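Trainee: Pasting a structure here, questions to come.
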Amino acid sequence: MSFEAWLPLLVVLSSFVTGVLILFVGEEQLRTRSILNLLGAIAKLLLVGVMVWGVFHRYLFETRLPMLPDQDFVLRADAMGMLFVSLSSVLWLLTTIYAIGYLEGSPYRSRFFGFFSLCVTSTMGIALAGDLITFIIFYELLTLSTYPLVVHRGTPEALRAGRVYLTYTITGGALLLVGVVWLYELAGSVEFTERGVLSGVPEIHYPALLAIFAILIAGLGVKTALVPLHGWLPVAMVAPAPVSALLHAVAVVKAGAFGIVRIAYDVYGVEFAARLGVLEPLAWLAGVTIVYGSIRALTQDDLKRRLAYSTVSQVSYIVLGIGILGPLATIGGVVHLVHQGLMKITLFFCAGDLAETLGIHKISEMNGVGRRMPWSMAAFTVAALGMIGIPPIAGFISKWYLGLGAVQAKAYWAVGVLAASTVLNAAYFLPILYRIWFLPAAGEWPKAERDQLETRPTLLVPTLATAFLAFAAGLFAGSRFSPLGWAKLIAAREYLT
Amino acid sequence: MSEVSSASPWMPVLILLPLTAGTLSFLFRRRARRTLLAAALAGIWWSLIGLLADLNDADLLRYPIGGWQAPLGIDLRADGLSFMMLAMTATVGSFISLYALGYFADDHSAGTRFWPLWWFLWGALNAVFLSADLFNLYVTLELLSLSAVGLVTLTGDRESLAAGLRYLLAALAGSMAYLMGLALLYGAYGTLSLEGLAGLIRPEPANALAASLMTVGLLLKTALCPLHFWLPPAHGSALPPVSALLSALVIKASFYMLLRLWFEVFPAGLTDVFTQGIGTLGTIAIFAGAWLAFHQEKLKMLIAWSTVTQVGYLFLTFPLAAASPSTALTALSGGVYLAISHAVAKAAVFLAAGAMLKVTHEDRIDRLQGVGRHLPISLFAFATAGVSLMGLPPSGGFVAKWLLLTAALSTGQWWWAVVLVLGGLTSAAYIFRVLRRCFLPPSKHAVFHPVPLVMPLTALFLAGIALALGMSAVFPLRLLERSALLVAGAVASSAVAP
């Protein structure tokens, strides 16, 4: 086979091999492990770079291996998948650096980094899966590889969180499986195709297609944390900060959201889905989740829990973008996949910095912390303002396109949801910023370990990098290779009729 | 049907080789154990490759022993299904043998008794999968049961003797029922060959009685609920390598016979009442077994109850395969694939558990705390094989579940789909109950004893095979399609269906 046929598999394997090797590296071999980690992450980034260039020029990268007699294992790089792949591989590198610093000296690091890499592998597989059965394989693998990360600390609380997490996600996975088997039964093998494949199904099967859509969304909605399936997410906050960052910004919630994107655009086809009448309920569900998540975030004092509820709310922007028919809303939803990832990971990195450096876990303890950790808190501020939707930060772009899309589709209620959510975002983020910068500190802060820097460089550099990316994604949104440019490319390919 | 080759000499070799090895290991006891093992394994794998090459040319292979044809002589026969079962036995058997070398390294008395029995059991298994008539099947099944009972009582302590006795009585009762059915059939038709009967059989009361007697006998040996009472004590109290081969291989032999009996000989008897009924028993086994597995204190008892649930899944094959000729192949492939994946995964789980028990000297789940630190490979193997038992991808268990689900939904029997999916959730519950223990830090008083590296490694390889079965299922499934059973079953059920 040619290079084009191997590249998607190589991208998946680059982190898989890393992960398996790390699992067998001795606990004390810090240097070997770090080198393996970084080599894997950088190799992946290079491969992904080649693939992005290729997909832009309409090269076909497809790995196809026989799995069942009439069913292939398909990995394919398309514009939609590449968006998620690029996001994950960039953030994997940064989170790895962060995690090396964060976990310095704590036990079971080989296990942690091993499963961490397997988790990224699953994310890659989800992004590149060319059909639903391949998608399911990686979707379930993601559940299994994140479980050890959630329970990593081994405390009773962590074990409880792990149990809740599994109960939700394995049930969701089972629902998804039922939906997919049923769909295959009805329509034959379903490969992801731009603009969907189901429009040719005879009308007599429409009720079944409706039911299948509901089952699939319920299955995927668990990881997406759609209300009322979001219960696992705030509980899973006991995991170490790099895991929360990864779970919330990249891997798990995005896997669910990405699955919904795939179902709506590349299986049903968004126009066919609209004809079936399934988009509107989906949009309403997203609207409810957006508002509910924001309201719950208001009352949380634990920083990571507030961020978690904020995630519940923000991820549904993506779903809202799917639910509103029209290219502008699509652009807004799809680009938010990246934007929310960049902003939310920055926020979680900052939460980890605070916990690791000053032992701060609660918002009420954050008074005046801006003076002690100005760089981290500047990053936090950028990301928080972005979440609210202040230009020119990335979050503004998402909201702008979502709003335009809602107006274009005459879904004025969605504009209302966006406005309400923006007010609520401001209501739960601005008080934090006020505490950070304007309130006096309660007492003396612990001294920095090394005099010149506010925290370890391995923690600070990734935080600043993601904050910068969130800023740049908004500022240079007009560029062709910005997330927005890429989302426009996707929308053009999904609606090109 | 495609052509039938006259003789494949590999078939008698596959039976005689383990029997010879058994005799030799009995005569020479401790000497040359490794040499014998190496020679026998090489011979068995070589013969399997030869058999596969022969199967390439013909769908059905025969070997009349001594030149006598049926109905007088002993006729051997092999098709795709037989080959898959033989290969399953050889794969699991090889790793269990290697494991046993390590396990019995410091226990000579049990070790000396283990090898002859194990070789005889292996020979009996191969003979079951190669037999062409119902009487042969009876004889080989008997040899199988007796060696299995012997293996259960290997340690000679009170618990295992009681379990062994119970197992022996169940096995004998099963054999009696089967033999009576056999006698009825022989009286009515004068032949017991699978193919001969398939052509002759008529729907009449005597047949129904014969079939029910044989079925009850075989269900007892396969331990389908409510005839499972002997299994948990026997599989739970035996030594780990023995538990592994009992759960992985022995119950599959009688399941295999049930498939042959119903889908090849009596397909007309697969009425809705019967198949739905047997599926219901399977469902009860799935949920009751999982409930009991979840509440076990001892690790090996938990795994033994898990076998009860997995047997339940196997019997969902009946309603799914009998419902429609177009999906019979899918359902039967799913059932057989489940049997094979379960064999590999369950063996891995028992072998991993055996290593954990040897390390902690405890059979209690709550003492497993911190075992992951000392036996990371065993824990990883346990978890990986557990993925297959839960039916999650990528694993053989998932492929099997996919096929069964497809069959359930396309025949409109959505209730079996519900059972399959909910059953998977319940197995996740009891498997993670073990795994979460292992994430806890070790307690201060825990003492860990070293084990030979071969013990975790064999479990890991088996678990890896369970995953590989999920990634490349094309070859085994294509082989299964070429089997006398499935073709006959598909044809016959089309006659029943409207």
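Keep in mind that glycine also has a Cβ here, set from the backbone N, Cα and C atoms.
Checked TrEMBL, it gives:
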type: TRANSMEM; residues: B:6-28; note: transmembrane segment
type: TRANSMEM; residues: B:35-53; note: transmembrane segment
type: DOMAIN; residues: B:72-109; note: domain 'NADH-Ubiquinone oxidoreductase (complex I) chain 5 N-terminal'
type: TRANSMEM; residues: B:81-102; note: transmembrane segment
type: TRANSMEM; residues: B:114-131; note: transmembrane segment
type: DOMAIN; residues: B:131-423; note: domain 'NADH:quinone oxidoreductase/Mrp antiporter transmembrane'
type: TRANSMEM; residues: B:137-155; note: transmembrane segment
type: TRANSMEM; residues: B:167-189; note: transmembrane segment
type: TRANSMEM; residues: B:209-230; note: transmembrane segment
type: TRANSMEM; residues: B:242-262; note: transmembrane segment
type: TRANSMEM; residues: B:274-294; note: transmembrane segment
type: TRANSMEM; residues: B:301-323; note: transmembrane segment
type: TRANSMEM; residues: B:335-357; note: transmembrane segment
type: TRANSMEM; residues: B:377-394; note: transmembrane segment
Trainee: Among B:6-28, B:167-189, B:209-230, B:242-262, B:301-323, which stretch has the highest count of C-beta pairs below 8 Å with the transmembrane segment (B:114-131)?
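Mentor: Between the stretches B:6-28, B:167-189, B:209-230, B:242-262, B:301-323, B:6-28 has the largest tally.
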Trainee: Give the nonlocal contacts of the transmembrane segment (B:274-294) in its own chain as ranges (CB under 8 Å, at least six residues past its ends).
Mentor: 224-226, 228, 232, 302-303, 305-306, 308-309, 311-316, 318-320, 322-323, 416, 419, 422-423, 426-427, 429-430, 433
Trainee: Mean pLDDT across the domain 'NADH-Ubiquinone oxidoreductase (complex I) chain 5 N-terminal' (B:72-109), rounded to an integer, is what?
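Mentor: So the average pLDDT across the domain 'NADH-Ubiquinone oxidoreductase (complex I) chain 5 N-terminal' (B:72-109) works out to 89.
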Trainee: So, does the transmembrane segment (B:35-53) come close enough to the transmembrane segment (B:242-262) to give 3+ Cβ pairs below 8 Å, pairs being at least 6 apart in sequence?
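Mentor: Since fewer than 3 Cβ pairs under 8 Å link them, the transmembrane segment (B:242-262) and the transmembrane segment (B:35-53) do not come into contact.
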Trainee: Taking the transmembrane segment (B:301-323) as the reference, which of B:35-53, B:167-189, B:209-230 gives the largest number of Cβ pairs under 8 angstroms?
Mentor: B:209-230
Trainee: Near the transmembrane segment (B:335-357), which same-chain residues lie under 8 Å Cβ to Cβ, leaving out any that are not at least 6 residues past its ends?
Mentor: 81, 84-85, 88, 91-92, 95-96, 99, 103, 239-241, 243-245, 247-249, 252, 255-256, 259, 299-300, 303, 306-307, 310, 313-314, 316-317, 320-321, 363, 368, 371, 375, 378-379, 381-382, 384-386, 388-389, 395-397, 399-401, 403-404, 451, 455-456, 458-460, 462-463, 465-466, 469-470, 473, 476-477, 480
Trainee: Counting only residues 6 or more past its boundaries, what in the same chain has a CB within less than 8 Å of a CB in the transmembrane segment (B:377-394)?
Mentor: 306, 310, 341-342, 344-346, 348-349, 351-353, 355-356, 359, 371, 400-401, 420, 423-424, 427-428, 431, 434-435, 438, 455-457, 459-460, 462-464, 466-467, 469-471
Trainee: Over the span of the domain 'NADH-Ubiquinone oxidoreductase (complex I) chain 5 N-terminal' (B:72-109), count residues by DSSP class, listing helix, strand and coil in order.
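Mentor: Grouping H, G, I as helix and E, B as strand yields 29 helix, 4 strand, 5 coil.
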Trainee: Residues of the same chain, at least six outside the transmembrane segment (B:35-53), with any C-beta under 8 angstroms of its C-beta?
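Mentor: Same-chain contacts beyond the flanks: 8-11, 13-14, 17-18, 20-21, 24-25, 28, 61, 78, 83, 86-87, 90, 93-94, 97, 101, 119.
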